[in-house]
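As annotated by TrEMBL, Zn(2+) binding site applies to H14, H16, H196, D276. Residues annotated as substrate binding site in TrEMBL: H16, D18, G169. Under the heading domain 'Adenosine deaminase', TrEMBL lists 9-329. Taken from TrEMBL, the feature site 'Important for catalytic activity' applies to H219.
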Amino acid sequence: MTSLYHHLPKVELHCHLDGSLSLSAIHRLATMAHIDLPTDDNELAKLVQAPHDAQTLMDYLRPFDVIRPLLQTPEALKLAAYDVAQQAAAENVRYIEIRFAPEFSMDTGLTVAETIAGVVAGLHQAMADFDIVAACLVCGMRQSDPALNAQIFKASAPVSGLAGFDFAGNEADYPTAVLTDTVKYAQRLGVPLTLHAGECHCVQNIREAIELGVKRIGHATALHDHPDAIAEFVRAKALAELCLTSNLQTKAAESYADYPYAELMAAHARMCINTDNRTVSNTDLTREYQLFAEHFDTRIADFLQFNRDACAESFQTDADKKQLDQRLQAEYAEFLN
């Protein structure tokens, strides 16, 4: 069955650049940066995959400290973006939004615009080489100075190739309410916005994001066992960017039984399936689809609907959305018959 899920056309909206680099790309980036990392893949994997004893989101995020020094030049960012888009194309992802935080690539003097240009160059090269459309999202970090986030968003808005904004990072200590002014500022810039919320057992963060007019919620795991919040979510026609493996690793969901999927399906909520961090979570989109099928009895028709919903809420032009939606329906026809 893995082969079936591999061949299904897919859309991915929630994929972090620095958490999704292949081991081969990490080796190359380390050489470029003159940084010593283990040459053995098994040893390297121990550094860049989520620790088995992770108990919280912050435990899960530890591997990102290894990757940060590797992504400090436009050339490194280009290689990284190309690598992640290539991985996605290899498993029949037709459209992907790859997000990254410019703040984490400015340690040695790059400007915001230079970091984005590096990522966009890699995505464009991948689009030329593979059957995929790849777009770039810029993350502000919850734990960072709001003035810095505003500065990054302002500098990002006019840069060619930017598709949207996101807020990521330490949700437990920096809830959505703390972000209100910066979210409103980002919205005034006229750039589409998604937002991590509900990854740390706080459904109020999801509610407040929706009240701010955010239509895409990254993770949304805390909706479990909150029917009123799910009803609000559905009324808002919001989209949940589900990241199953990641949420089990961070203990956002303690088990499959604690995951909100069945409740969201029963409420006819809109959702899509994502990897979050391919390398840190040691997963890919094919594996995520297989997990949904095995644990939740998700059907091919459901996968098509999830991808159509992802397409509808993607940060593309309406014309590009229509073209992608038509392609998805045409390609899924052979799997549904």
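Note: Cβ is positioned from N, Cα and C throughout, glycine not excepted.
Curation does not apply to TrEMBL; its annotations are automatic.
With H16, D18, G169 listed as the residues that bind substrate, the site has a largest C-alpha separation of 13 Å.
Cα-Cα distance from G169 (substrate binding site) to H196 (Zn(2+) binding site): 8 Å (rounded to the nearest whole number). Spacing of H14 (Zn(2+) binding site) relative to H219 (site 'Important for catalytic activity') is 9 Å (Cα to Cα, whole number). In this structure, H196 is the one among the recorded positions H196, H219 with the smallest number of other Cβ atoms inside 10 Å of its Cβ.
Report note: the Zn(2+) site is defined by H14, H16, H196, D276, and the residues of the same chain whose CB lies within 8 Å of the CB centroid of those residues, excluding them, are C15, G19, R99, D166, A168, G218, H219, E241, C243, S246, N274, N277. The sparsest Cβ neighbourhood within 10 Å, among the listed binding-site residues (D18, D276), is found at D18. Remark: H16 (Zn(2+) binding site) has I98, R99, F100, C139, A168, D276, N277 as non-local neighbours, by Cβ distance under 8 Å and separation of at least 6 in sequence. Cβ neighbour count for H14 (Zn(2+) binding site): 29 (other Cβ atoms within 10 Å of its Cβ, all protein chains included).
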